[in-house]
Amino acid sequence: MAEASTSLRRRSMEPPTSGAGGMFEMKGGAYHDVSPVQKAEVEDGGSGSFAGEEDAWGHGDADLRDMRRLGKKQEFKRNFSFWSTLGFVSIYMATWEFVLVSLSVGLANGGFAGLFWCFITTVICYGFVVASLAEMESMAPTSGGQYRGSSLFMDESNEQSIQLISTYLDWVSEFAPPQYQRVLSYASGWMSTLGWLASVASSVYVCGTQIQAMVNVLQPNVVMESWKITLIMFAIIAITIVFNTYGASILPTLEIASLIGHIAGFVFVLIALLVMCPKNSAYDVFVHFEQNGGWSPGPAYLVSQVTIIYCNLGSDSVVHISEEVEDASIVVPRCMFWSFIYNVAIGIVMLIVMLFCIGPLEDVVNSGVPYLLLFNNTGSPAMSLTLNVIVFLLVYAGNITALATCAREMWAFARDKGLPFSGWIGKMDPKWNIPFNSVYATSMACVVLALIQLGSTVAFNIIVSLSVLGLMSTYMISIGCVFHRRLTGQPLPHARWSLGRYAIWINGFALFYSAFLLVFCCFPSYLPVDTSSANWAPLVWFAVIIVAVVVYVMYGKKHYTAPVDFVEGRKADGVGLQSTQ
């Protein structure tokens, strides 16, 4: 039995005496009686009727079997259909919207042609990462994600009893070598939390700058001080909290509306730019490279990858609502992969239109807000304001989704006692079935990250680098665990969405590219560098690693429970379904 399971036995001291239900579940670190229905779920080998639970929670037999095998009590209502799930991931990615608002680094470090070709090569490489994550999600569908993925499949004799799991907090916990499962899942949990927190903070920052851009359409000479933008960001965070707590019941409907807006907005913006803007030449867009960021051509090209990845991040956001999606082990990976494909496709179309319509490169590089220059290039203040409002609303809708994603990831990690104050963060509100406290904790962390822009001229680039650093670290660990199992011929659970015979090659390249990209996340966006323009993301990343180590030694080593400790066939005697209520 692995160290984590032994630790779980030690904490229980001895098997608890059976209560009325005859079995026990863990709540907040203690064992409690489970109901006869829950007892039946644990004891049933995977067959039988789940009609009562299906009526209560809106999920089917496949979802119930997945959760039982994971040893997790269903605490979310499964109210996300295929279309609302697709809307969730699509508006979080918001690729064409972020193409417009976040690629100034690539414009300076390669010109129009440099940005275009860097975008193409980057999304092709990143596609291998997305495909690998989608397959792992099909093997393992809960709200934890990468961190769970490395601690489950340690014993080949259990292969048939634990076939499907969850998200990447789960992935590391389930797929890592036995002796490293606990440590790697813990490290992955912290990196994933950091990455998603920075992602939320970056979208809040974009919303703040978009408000300034809308003001500048009508009053071009008005410049907002940093503290004013910070206060706007705080207000945006506060409003987003409401949508993710008391307004959470409308999230599935909002995601479908966002999907419609995402597509309709793309068509409207595209037509407006093509019809009203003067055009650059095809030579400038596809052939002419130019460096204005201080880097030589090679490093300039590679540094530009970071913000391009940022435009295409988020296809895996949907894994964090896996416990709220019907038939998650097939719906979620499909949404992950195909939302990436279609978002990248329309993102490339919007990129080409932007490069043709944005005007002379010199003006773009000298502009503080390139997308404002693009919209103003329509020649109509009214149209420019309209386009700014459309993009703002869609980015903000993605911000609501980003907070939902990060809050659920943090809740899942706290459920396993991986964070300080896990008892508070991991609490599920019994009335609303929403992790209110994790929403508040995520929002407070974003408030702290929002303060970066008070002291840095490249705050957005720092937060973006921090997001990519955290998430790519997690991807590298979880994909590496699966790649190791394939390379050594060890069994993996069945995936309803599978990469087939090419899986080992896809995983191998995804692992290499994740490690490659980590290096360039640490580079400054521009040269020369001073304290206000330096990339402080690696320092923050390293500081979080130090904090994680300290917390693990002082708290996590005793209290942290790797997800594998609750999996059917691996958990200790007397351990029932894990719950936070």
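If you go along the chain as it appears here, the first residue is 1 and each next one adds 1.
Each Cβ is built from the backbone N, Cα and C atoms, and glycine gets one as well.
Feature list (source: TrEMBL):
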type     : residues : note
REGION   : 1-28     : region 'Disordered'
TRANSMEM : 82-108   : transmembrane segment
TRANSMEM : 114-134  : transmembrane segment
TRANSMEM : 229-250  : transmembrane segment
TRANSMEM : 256-276  : transmembrane segment
TRANSMEM : 340-361  : transmembrane segment
TRANSMEM : 381-407  : transmembrane segment
TRANSMEM : 434-452  : transmembrane segment
TRANSMEM : 458-483  : transmembrane segment
TRANSMEM : 504-527  : transmembrane segment
TRANSMEM : 539-555  : transmembrane segment
For the transmembrane segment (381-407), the candidate among 229-250, 458-483, 504-527 having the most Cβ pairs under 8 Å is 229-250
Verify whether three or more Cβ pairs under 8 angstroms connect the transmembrane segment (229-250) with the transmembrane segment (458-483), leaving out any pair fewer than 6 apart in sequence.
no
Any chance the transmembrane segment (504-527) and the transmembrane segment (114-134) have 3 or more Cβ pairs under 8 A, given the pairs are 6 or more apart in sequence?
yes
Please indicate, using numbers and ranges, the residues of the same chain that are 6 or more beyond the transmembrane segment (256-276) and have a C-beta under 8 Å from a C-beta there.
83-84, 86-87, 90-91, 94, 96-97, 100, 346, 349-350, 353-354, 357, 374, 377-380, 383, 386-387, 390-391, 393-394, 397-398, 401
For the transmembrane segment (82-108) and the transmembrane segment (434-452), decide whether they are in contact, meaning at least 3 CB pairs lie under 8 A, counting pairs 6 or more apart in sequence.
no
Of the stretches 114-134, 229-250, 434-452, 539-555, which racks up the most C-beta pairs under 8 Å with the transmembrane segment (340-361)?
114-134
Counting Cβ pairs under 8 Å to the transmembrane segment (229-250), which of 114-134, 434-452, 539-555 comes out on top?
434-452
Other than its close neighbours in sequence, what residues sit by the transmembrane segment (539-555), given a CB gap under 8 Å and a spacing of at least six beyond its ends?
183, 186-187, 190-191, 194, 419-420, 462, 466, 469-470, 473
